[in-house]
Amino acid sequence: MPRQSHRHHKAHGSRHRKRDRRAGSIATQQSLDRETTSLSHDTPSQRVQFILGGDEDAEHKAHELFTELDEICVKDGKDAEWKETARWLKFEEDVEDGGERWSKPYVATLSLHSLFELRSCIINGSVLLDMQADSIEEIADMVLDHQEASHELDDNVRVRVREALLKRHHHQNEKKKNLIPIVRSITEGTRLPELIQTSELLVQVDLHFMKKIPEGAEASNVLVGELDFLERPIVAFVRLSPAVLLTGLTEVPIPTRFLFILLGPDGKAQQYHEIGRSMATIMTDEIFHDVAYKAKDKSDLLAGIDEFLDQVTVLPPGEWDPSIRIEPPKNVPSQLCYIMKLHVYCGAVGGDERSEAFLGGGGVPRRIHRNPYQKWMLFGGLIMDIKRKAPYYFSDYKDALNLQCVASFLFLYCACMSPVITFGGLLGEATEGRISLLGASMTGVAYSLFAGQPLTILGSTGPVLVFEKILFKFCKDYGLSYLSLRTCIGLWTALLCFILVATDASSLVCYITRFTEEAFAALICLIFIYEALEKLCQLGEIYPFNTHSDLDRLTLTFCRCTEPDNPSNKTLKLWSERNITISAVPWSNLTVKECIGMHGEFVGPSCGHHGPYTPDVLFWSTILFFSTFFLSMFLKQFKTSRYFPTKVRSVISDFAVFLTIVVMVLLDFVIGVPSQKLKVPSKFQPTRDDRGWLINPIGRNPWWTVLAAAIPALLCTILIFMDQQITAVIINRKEHKLLKGCGYHLDLLMVGLMLAVCSIMGLPWFVAATVLSISHVNSLKLESESSAPGEQPRFLGIREQRLTGLVIFLLMGCSVFMTGALQFIPMPVLYGVFLYMGVSSLKGIQFFDRLMLFGMPAKHQPDFIYLRHVPLRKVHLFTLTQLTCLVLLWVIKHSPAAIVFPMMVLALVFIRKLLDFCFSKRELSYLDDVMPEWKKKKLDDASKNMEEVPASESSMGRLENYITLYECFVS
């Protein structure tokens, strides 16, 4: 059927061109040469390729189009006006029957018959390309002149048709009382002053809809209707050059480029309406849209329509209800890749060398990328990182001047405070207060200023905490000075990191594949979730709840302060210093604060493990914890809801976590239950009186510990390197569309330098925090501002800048001056933020998608690309291997053998290498490749198309699919 359509098109097109030449239409030598050249293009696809591959001038440059369908009905001499019935920016919107509202955007469904009728209209109608006109009057005169030249047109009919074309246009957004009449009568030759036109536009414009229209867009007006005095249809397709702002013609004040006019006898209103819808819909097609801008004659337009028909899908009438409106898809398949290969094909046909930029010498797509590490030199990678990032340094601050960055640092400040306080508290417990938290601010500020990838957020991580606990226990068991030995290990680790930077060891990140990064990322996410739930459960020890309570004994419930039975030496020393006579102390009358100050003991059924408590605190903390989690999730997804304007939804989504914290703090304050609050130091000072700001690397330890520290430093270096680089690889994923490049060597250098400083000052070690970094990136996602109604905003990339990280850690350092405000934040709320970050970071990890397949029947499994090409048993084997590694990491982290945890993280790379013996390279390319899922599907579809190319079109078809493959690689 399509082939017959093409042959039919060719025959009719030839006859029509001959008829035009016989009628005396102008034919220059250039158009004759084009006719000769076009004979070599047998199919519409080839013709379209030739059209789009031609030279592009400024006047024929394609713009985004807004299409409007206006209809008119003139009967029995009654006064009528053009009424807007539908519009297209990408999807169709109809004026509902009531005429007071627009329908929801939906995918236009067209009848095949109306498309063929549209094709017939173009063949038999007038096609006026590059018409120069300044008003609708001039356009009407030129169209009618062309109609008279090709068909007989009575003078009376001409006048009445002109009157109909110049009638007022009524748009759906207009209110009759606000309408300013447009003077268009034949007798009035003067035009309205520019000031009046501008005022009219301001009155009638829908400003909200104008924001949806891209900058530089042009209009395409489709005018259809029935006139009772016509005997045959009048059809015209007009392209203006240049585009002209025709006041009152279009709903929005943008210049008109195209007009399609179809006026016919009465009785066929529905037929004209469907042809108008077909014309408007085809103008929104990316391919025909470009053809319409570049077409030089009628045959070019017909080739564009035939190409559109080749791509149309027909649904059987008995299996589909045409009245059903199809919701716009979440991800609209773009035809950009197809347009690219059309351009490149024409360059190859014309002998242009552009095709060589896309293809290798053997016709195989070349994966073009720059490898800065091809030629090795000392500090070569570091130098390349600095050269790559230096041009963007000032833009890293300028690009941060956006409200989204304010929301990001407010969220991340609260999010970073939670792990710093949590892990800081754990470090304090594990090291008996020998660690200060000043390092968080100092390290974060330095890293944000000079790192290669400032989107990475540093923090105290679980693996580092494990190493600290083991080291402290070792020092305590063998009587060594913990801070001195830790300083030696830190300095050795910094030196080893410096050596890794000098030798370009960071280039080994190419061996960190999806298998390794997902196992590590999943571990960190689970640690966040586990720590959040564990801290909530620990509140049950401080604030226990009574089970199996006996109401009859409620009057016997008490909690009082008593003298300790076995006072410690510290307590006796305190009493001696204060000259306290124990027998004279009224223990039973002391308040809780006084009892704690006197080191008394609490006894009674109402006392918990740590003294008096309020029974409701645990349950209230649980409510705060889960309310914070669910409210954060709800507000973050609020952008896709149906309530409030788009801007309001976007702001609520950006500030989701911050708004949640504010709401929970206010709720906790109003309810008044004494939940556990955030405790922030009120001044900068070492955590213990027996230590200073600088730590002696030897101290009271033997001299040989300085050399022996190199052994644990090697393990620490492996841990720091893997933790830092795996997080950096996750942040620098291709699907994040980062434009300013990465800086693995520069990142590691900054981490090593700050690790040395923190070791000398006895501060915590900070390294890239996976979950915090992922949350940081997610909070800075960029989406297209102007999206067509019904179209989902397009993901454009990440707002790459340094200011959010810098402000986060500066604010963290200033927290000591904000103790009065921060002390109102309940710790369960921060634990809820902890849980939210852990759960939200699990999204996008393919490992969990594959885990879900174990309990899912085959017919209900999603259309993942790896399920198309890899047997399900192999998918399960790969998932089980990854799950085993994750379980081993978890077990080792919580076992006495936790000292080998860094080696196990490194072993993930070697385990992945062993999978080469169990899986083929093709299977691993689908299961373990870092390429995004959508890009794999595009590659898969392109490769299938290459196999289906007929022998007669093999060279051209293969070239097209090679370009598709290339586009997928380089994007």
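Cβ from N, Cα, C; glycine included.
Sequence annotations record features per position, and here TrEMBL assigns compositional bias 'Basic residues' to 1-21.
Under the heading compositional bias 'Polar residues', TrEMBL lists 26-45.
Look at TrEMBL and you will find 63-188 (among others) tagged as domain 'Band 3 cytoplasmic'.
The feature domain 'Band 3 cytoplasmic' is assigned by TrEMBL to 202-322 (among others).
For 378-932, the entry in TrEMBL reads domain 'Bicarbonate transporter-like transmembrane'.
For 1-45, the entry in TrEMBL reads region 'Disordered'.
For 406-428 (among others), the entry in TrEMBL reads transmembrane segment.
What TrEMBL records for 435-459 (among others) is transmembrane segment.
Tertiary proximity for the transmembrane segment (479-501) is limited to same-chain residues at least six positions away from its ends with a CB under 8 Å from its CB atoms, namely 379, 381-382, 431, 434, 468, 471-472, 691, 695-701, 705-706, 709-710, 712-714, 716-717, 720-721, 745, 748-749, 751-753, 755-756, 758-760, 762, 765. The transmembrane segment feature in TrEMBL is assigned to 479-501 (among others).
Sequence-distant contacts of the transmembrane segment (508-530) (same chain, at least 6 residues past either end, Cβ-Cβ under 8 Å): 419, 461-462, 722-723, 725-726, 728-730, 744, 769-771, 774, 834-835, 837-839, 841-842, 845-848, 878, 882, 885-886, 889-890, 893, 905, 908-909, 911-913, 915, 927-930. Residues or ranges marked as transmembrane segment in TrEMBL: 508-530 (among others).
Proximity of distant same-chain residues to the transmembrane segment (617-635), defined by a Cβ-Cβ separation under 8 Å and at least 6 residues beyond the stretch ends, is recorded for 532, 536, 539-540, 543-545, 652-653, 655-657, 659-661, 663-664, 667-668, 671, 673-676, 826-829, 831-833, 835-836, 839-840. Summarising the annotation, TrEMBL assigns transmembrane segment to 617-635 (among others).
Residues or ranges marked as transmembrane segment by TrEMBL: 655-673 (among others).
Nonlocal intrachain contacts for the transmembrane segment (703-722), taken as residues 6+ away from its ends with a CB within less than 8 angstroms of a stretch CB, comprise 463-464, 467, 471, 480, 484-485, 488-490, 492-493, 496-497, 500, 505, 520, 697, 748, 751-752, 755, 765, 767, 899-903, 905-906. Annotation source TrEMBL lists transmembrane segment at 703-722 (among others).
The transmembrane segment feature in TrEMBL is assigned to 738-757 (among others).
Positions annotated as transmembrane segment by TrEMBL: 803-825 (among others). Remote same-chain partners of the transmembrane segment (803-825), defined as residues 6 or more beyond its termini with a Cβ less than 8 Å from a stretch Cβ, comprise 396-397, 400, 405, 408-409, 412-414, 416-417, 420, 438, 440-445, 447-449, 454-455, 457, 661, 665, 668-669, 677-684, 776, 780.
Per TrEMBL, transmembrane segment is recorded for 831-854 (among others).
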* On the DSSP side of things, how many residues of the domain 'Band 3 cytoplasmic' (63-188) fall into helix, strand and coil, could you say? => 42 helix, 32 strand, 52 coil
* Asked: So what's near the transmembrane segment (435-459) in sequence-distant terms, Cβ-Cβ under 8 Å and 6+ beyond its ends?
  -> 385, 388-389, 396, 412, 416, 419-421, 423-424, 427-428, 468, 681, 684, 686-687, 727-728, 731-732, 738, 741-747, 750-751, 753-754, 757-758, 761-769, 772-773, 775-777, 780, 798, 800-802, 805-806, 808-810, 812-813
* Asked: Do any residues of this chain, six or more beyond the ends of the transmembrane segment (898-915), have a C-beta under 8 angstroms from a C-beta of it, and if so which?
  -> 463, 466-467, 469-470, 511-513, 515-516, 519-520, 715-716, 718-719, 722-723, 726, 878, 881, 885, 888-889, 892, 924, 928
* To do: Determine which residues of the chain contact the transmembrane segment (655-673) at the Cβ level, with the cut-off under 8 Å and only residues 6 or more beyond its ends counted.
  => 407, 410-411, 414-415, 614, 616-617, 620, 624, 627-628, 631-632, 635-636, 638, 824-826, 829, 832-833, 836
* Asked: List, by number or range, the same-chain residues at least 6 past the transmembrane segment (738-757) whose CB is under 8 A from its CB atoms?
  -> 379, 381-382, 384-386, 388-389, 392, 395-396, 439, 442-443, 446-447, 450-453, 455-456, 458, 490-491, 493-494, 497-498, 500-501, 504, 506-507, 509, 720-721, 724-725, 728, 732, 763, 765-768, 797-798, 800
* Within the predicted model, mean pLDDT of the domain 'Band 3 cytoplasmic' (63-188) -> 80
* What is the three-state DSSP composition of the domain 'Band 3 cytoplasmic' (202-322), stated as helix, strand and coil residue counts? -> 48 helix, 30 strand, 43 coil
